[in-house]
Amino acid sequence: MSEPTAAAPHHDYEKVLRDSAVEVASFDTGDKSVVQKFRNFLHSSPSAVSLIVLVTSLIIFGILLGGKFFNAFSLTLILQQVAITGIVGAAQTLVIMTAGIDLSVGAIMVLSSVVMGQMVFRYGVPVEIAIPCGFAVGALCGFINGFLIARMKLPPFIVTLGMWQIVLASNFLYSANETIRSQEIGATAPLLQFLGNNFRLGGAVFTYGVVAMVLLVALLWYVLNQTAWGRHLYAVGDDPDAAELSGVNVKRMLVSVYVLAGVICALAGWASIGRNGSVSPTVGQFANIESITAVVIGGISLFGGRGSILGMVFGALIVGVFSFGLRMLGTDVQWTYLLIGVLIILAVAVDQWIRKAAS
Amino acid sequence: MTKSILSAAVAALAMGVAFAAPASAADVSACLITKTDTNPFFVKMKEGAAAKAKELGVTLKSYAGKIDGDSESQVAAIETCIADGAKGILITASDTKGIVPNLKKARDAGMLVIALDTPLEPIDAADMTFATDNLLAGKLIGQWAKETLGDKAKDAKVAFLDLTPSQPSVDILRDQGFMMGFGIDTKDANRIGDENDPRIVGHDVTNGNEEGGRTAMENLLQKDPTINVVHTINEPAAAGAYEALKAVGREKDVLVVSVDGGCPGVKNVAEGVIGATSQQYPLQMAALGIEAIKKFADSGEKPKPTAGKDFFDTGVTLVTDKPVSSIKSIATKEALGKCWG
């Protein structure tokens, strides 16, 4: 292919081309200040900010509290305390990446766990079948969300706000707000408490619930980055019209995301039976807010299409470290809420600042 | 012809109304407004009210908020009751201060207003309060823990698993009551957290459920692993605390006490998960409330408070299978017959 300058002009008016720029269009790679380079680094690795905050907060609480905080037992205890938020957060991450939001995650989680318990204790269903029933309920709730959002074109906020109330009310009506006690479950259906079992490595204690969260996040990380489904999810979140034009079935994509989110919430419900021992219809009241907090602090954009699921885990851990550390320091619990509020606003401010690097 | 049929029908209708009217005027009708329709505590309350109303021939209408804290639905229910011409209202208020002006309208309309379980602020905004003495409930379990430990009570390590950060009155009364019973100086008895007794390891909040109970227990155990007494705001929080103790193998040597008397809680006392619990009686509260409204409708007489208190005490009983000599208690077998949920 010849350069424009090499070609002899056929017409007079083409002569002006002689003096025009000849290099191919390219990105601006010119000199940048350290701040700009840092900003570009953050833009290309969206979970870096939350990782930096997490490490910093670990160091600060480590200095303030010493060995009481900085030991294998305490640190793995924080992992246990955030495992459920982490699992629900994974569901929330998928939804938020499509530029949606799911306010019904906590309610779906509780209803699934109640169904698992009641199947065994009210209907005498074997526990091996009761647990899949709970997962099916989670998937059904997710499907209703997805159907209303993708097919009926209703806004995700409104749909899941409604489903939050509907699912929560169903949960209370169905269970009559009765708790199934830990001792009864332990005697009849210990499999329900499976994710609460633990193993030790030195001083560190890992519950299967923590392992489930880590495996789930690793799996989703792989799926989001290495599979067509994962790349389509990012594409739908970034620009659904462009994704549609590129051949992505946006509606089916959205429905599948909400169904998967429902299934993950059911997993969280199972994990919560393990952690609490009992099946209680009153747990998980703030799981939706906690999961959104983890996602936002984790640097995942609420406008969709950008962020890493690892960031959500770091976000959940930051909240866990702050809550645990501040309680160990003996401060009033309100300070925890106040600081987490500050973190949320900071995280979004940083996200906006990083976005400017793209423009 | 058609005209006369029509007028006959109207006349018959008018006669029907005329006959029906005196009958409904003799009827006493009452309203029960609870926080939610789902909590077993309020379900039992509704049962108690319904049974008593049937016995006394009182027409009962029940209303409830959608969730705990839903004051708007309760306000709407009060307005409905006033319009309906009820003789009295029994209410467990979600917003104990905010609902006062609405209840004043009901009292101005000549209705008897009775607060059940949860006192209004101020307490005299209701004609009478039928409730558990939560301070006594706390004192009973505190005293039981002290006597059970014996000499070891002097250097006990006590954890407090409270309700919410806003320190609602029930939280303060049970927490401070426990301290009084256990022999801890409460300083200001209206405030949690101003005490300086070295036996207190700390206070944490649970939201009154298993999840919060477990996390709070884990946190306090990290603060001091030698905790051997745990005060819990209610039995779900106690069950959560027990899971945390089990995870570190401490469930056998820690004394857990609680308040409520729900059926799962009493079963947990029977199995040694909880050492002792103070049982309260929602059914009794509602039944007494209906009786009071009936009496008020018949004679205009209002209920009087228990001597020495500013409310009518519906009773609280210590439930344990390890009784101590100085406190009257009932065994779990008996308590299971009186429990709720």
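Cβ coordinates are placed from backbone N, Cα and C, and glycine is handled just like the others.
Just so you know, TrEMBL annotations never went through curation; they're auto-generated.
Annotation comment: TrEMBL describes B:193-202 as compositional bias 'Basic and acidic residues'. Here TrEMBL flags B:32-301 as domain 'Periplasmic binding protein'. If you look up TrEMBL, you'll see B:193-212 marked as region 'Disordered'. The signal peptide annotation in TrEMBL covers B:1-20.
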Take every residue in the domain 'Periplasmic binding protein' (B:32-301), average their pLDDT values, and give the whole-number result. 92
Sequence-distant contacts of the region 'Disordered' (B:193-212), meaning Cβ under 8 Å and at least 6 residues beyond its ends, amount to 155-165, 175, 179, 184-187, 219-220, 223-224, 227, 232-234, 236-237, 239-240, 243
When the region 'Disordered' (B:193-212) is classified with DSSP, how many of its residues are helical, how many are strand and how many are coil? 3 helix, 6 strand, 11 coil
